[in-house]
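Database features (Swiss-Prot):
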DNA_BIND  16-55  DNA-binding region
BINDING   90, 91, 92, 93, 94, 95  NAD(+) binding site
């Protein structure tokens, strides 16, 4: 299969499919239809079939999809066989929560290094993760060859910290700050604005009738 770029919306749905397929496997279910998958993950079946079509013939008409085969396929696509080390930059309230969580449900992702300006927690180990002073950011990123970072620092330093992280070799940033950071073209940023998401949810609750 030749590698091709798929739509971003499709790429964001792949981990959702993969996680539910693992639930089916644990329940000893051997196959699933696009309709069943649709009901479980709340994505319409036509979209699921279109998403899967980007990767060729993954199912059979009248049979559906083989659960184990799909898991093996998406495991490869999502690099689930490879451990990805992640840097946590900023160990405040949100950072601490992420540090304690540390993606225990996902065996292929882990926070392996954290950074903070607070001298009382720098050079300590919390939840099994070493916390380095922010002055060591670039050096440690380079030495540990970490390419993915979670950014949970105050907005007023977000850009400068981002610049240091990129200089240290980071290619992907999960940005929890309200600031829309600027990065080179070869660096990918995913923005997670919890306030914005909550305000959007409230808007839909107030302006859209769920019974319609």
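Yeah, the Cβs are placed from backbone N, Cα and C, and that goes for glycine too.
Structure coloured by features recorded in Swiss-Prot.
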| residue | record | contacts (Cβ under 8 Å, 6+ apart) |
| --- | --- | --- |
| 90 | NAD(+) binding site | 115, 116, 151, 152, 153, 154, 161 |
| 91 | NAD(+) binding site | 99, 114, 115, 116, 118, 121, 126, 131, 152 |
| 92 | NAD(+) binding site | 116, 152, 153 |
| 93 | NAD(+) binding site | none |
| 94 | NAD(+) binding site | 152, 176 |
| 95 | NAD(+) binding site | 88, 114, 116, 150, 152 |
Residue 91 (NAD(+) binding site) - helix vs strand vs coil (DSSP): coil
Sorted by sequence, non-90, 91, 92, 93, 94, 95 residues with Cβ within 8 Å of centre, NAD(+): 88, 96, 97, 98, 116, 152, 153
